[in-house]
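Right, one structure below, let's go through it.
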There are 2 protein chains.
Amino acid sequence: MKIGGIIAEYNPFHNGHKYHIEEFKEKSSCSHLVAVTSGNFVQRGGPAIVDKYTRAKMALDNGVDLVLEMPAYYATQTAEIFSRGAVMTLEALNCVDSFCFGSEHGEIDKLKEAAAISMGISGDYEVSLRKNIEEGMPFAVAREMAVREYMDEVPSDFFKGSNNILAIEYLRELIRLDSKMEPITVRRMSAGHNSREVSGDISSATAIRKVLNGLELRENVMNTKDKHDFLRKISIIENSVPKTIYFELIDMISKEMYPLDNEDFFSEIRTCVIRNEGTLHNYFEVKEGLENSIRKTVVRAPKFDDVVAELKSKRYTSSKIRRCLFNILLGVKDRDMDIAKNLKQLPYVRVLALNDKGREILKKIKEVSDVDVVSSPAKAKLTDSYTENPVYKMLFDFDLRSSSIYYQKYYSNHREQLENGEVDYFNLITRLEQKNDID
Amino acid sequence: MKIGGIIAEYNPFHNGHKYHIEEFKEKSSCSHLVAVTSGNFVQRGGPAIVDKYTRAKMALDNGVDLVLEMPAYYATQTAEIFSRGAVMTLEALNCVDSFCFGSEHGEIDKLKEAAAISMGISGDYEVSLRKNIEEGMPFAVAREMAVREYMDEVPSDFFKGSNNILAIEYLRELIRLDSKMEPITVRRMSAGHNSREVSGDISSATAIRKVLNGLELRENVMNTKDKHDFLRKISIIENSVPKTIYFELIDMISKEMYPLDNEDFFSEIRTCVIRNEGTLHNYFEVKEGLENSIRKTVVRAPKFDDVVAELKSKRYTSSKIRRCLFNILLGVKDRDMDIAKNLKQLPYVRVLALNDKGREILKKIKEVSDVDVVSSPAKAKLTDSYTENPVYKMLFDFDLRSSSIYYQKYYSNHREQLENGEVDYFNLITRLEQKNDID
């Protein structure tokens, strides 16, 4: 058994992801594939367009054998913290041979070189960085220049690619953890990670979400005169996602399960901002006056996106503003992130979906790793590892809490789905018990 | 100048309120009338059906000269705390000769007698109360029996009337403050405070709200085929409220300014409950396991009212459950209520609306009282009294914070109303400055 790992949000799963999986399988000759994904809230700041179980199933239907959810404290933050949570999840399994990520550059060596320099392994990065900052460069520029100083021949757009940046973070994390996993990169197909338009077979998740969130859905759309308009609009993404996923999305929408976006949480965000106005600076990344400008802006901006547009600046990216707003909504505080950021080992990994091969991976994990493999949160909360380890409790409670906030919105037209209790306590167990309980 | 005071929520203003005002003017021969009302959240637990400025204007149009908003920490709690805030507001003016409240009993002497006994002024209330509790009576029964023990001839339904209970609380508060204001009671007309049906000229606010909240409004109702259905439904209250108010309500609804109810805040309440799941017991009245049952119930109950129905019991009234849920939403904590409850003097009173006679009352207040009269919150926040008095700051910040949370919902179809900032900072000032700034 040769196990490969993939880190991806599948928000939603599209042809680029499928291509990535196929390329990786060929390059690594792995026999089993585990993917680490975000849960219900994602790295760019905001809710996933469809929930984590649906996205996990999409991955399973397209070549992944086991889907794990990384702890939400990592999944919802900067590239550096996201990478940390993702790589720590794979590392915790202690049986992943290689793992794969996309990059614009597409060659591992240059990316590794940049990571090593920025970790101080070769060159004198810290000194150069400090000098650049003293000279007044913004941090991102200072960092790039300091790394460049010790690299030979680096393409001019190397540090422009957001996937290159993320790739370097993964590689830095491998160094930090002294990991033996082999990193493999696959060149991103034409569409940039953040490109806004759908075209051809490969489109970015951003472009696909833009179509899905722009559908202006009304109740009972499939039985009204709006039906044709809806089908015409959604057909724009038909060639960008696997067929099964395309029809699943239409089916969900026809049942009034709508794709979520940031706007769906705007009212709750406003309430949380006002209600906690005196302590906003305690939330992660909400600093340096952002607490005041957020307080002032949310109460009068027409929409969530207007808040972001108004507050973004040279100093603060849109993602940063979005993450700040969701850190307030979800209650992500400095003191918790300080602990999460400095961990070197995760106490648990969470299973979202698996097939028979995934079951073989789980068996292997139990042989070679001490990590808690959580399939049933209800059972996990009864274990000593949970009750006696405050870090486990902190991470896991936040996973469940943030997920629950998501499902309250996701099922707002279908509260009968919540009648039996919170989704995390029921979803996977129910599905697994139909086969054979894995605990 | 003889100044009379009234305590009422006007939620919404109806014929019973109008009758109450006329009766009081006759009984007290007062020349000027000041009313103390709740702000945007009310005593029964939940939002006011229309906002505080609209309700204040309704009062002004129907015989009141000056409308003051009592601090929200008092307005949103039990009868005892509500009375405390209301009477302290009138007392702070230091020029109110008499004040008036409705009661089922309609005669002041018996009510005064009950208040005096329960304050230990005559009889041995504390001893009897303790004995009754030791014998296992629920608190409300033990209290009633202890008071009865020292009263002669008291009607059997005396303690059943919710207005009698509130009246006794007002009278207790007069004793606590050693107030010189003369209490006057007016017998409530036929409709009980909480009776659920609209009938004849006098209906309860509860019955009127039931009609308004049951309209099942859709956008643009006056231009659709739903118009006649809407007008037929709302006409049920036509004879129960003054004509001007009836047409104002129709006008608001036709502009998609809908009457609010608890359900409108259910999503925000769910978010706040989940997000603060570890500290729910810090919110006022959320104790003795209620924190757990609330956490469990809100996430799966279909509606707000289902949560209340599920959690109410012999021990906990519906109002108590509603107030707990709104204490969590608004962030009302024990430590703040401890301070508010034990005050004997309010640092400020807040003006919501006034006419020329109201202006005369304000002039008088400034002559005879040290209390800060706040017409412009923006200006008040710049004064030393606000910045140097933590109690002032605590009370006033909560007034503004809770009000702002309300307006985010109230104007959810009209966010352009919030473009210039929060309503409390603009509404009254704008209106007053058209005449002559009173500060």
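Cβ coordinates come from backbone N, Cα and C, glycine included.
Residues or ranges marked as ATP binding site by TrEMBL: A:7-20, A:Gly102, A:Asn163, A:Arg188.
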**Secondary-structure category, per DSSP, in which A:Ile7 (ATP binding site) falls** = strand
**Asked** For the binding-site residues listed here (A:Tyr10, A:Phe13, A:Tyr19), which one has the lowest count of neighbouring CB atoms within 10 Å of its own CB?
**Response** A:Tyr19
**Message:** Suppose we draw a 10 Å sphere around the Cβ of A:Asn163 (ATP binding site). How many other Cβ atoms does it contain, all chains included?
**Reply:** 22
**Prompt:** Relative to the Cβ position of A:Ile7 (ATP binding site), how many further Cβ atoms are located within 10 Å?
**Reply:** 22
**Prompt:** Within 10 Å of the Cβ of A:Gly16 (ATP binding site), how many other Cβ atoms can be counted across all chains shown?
**Reply:** 24
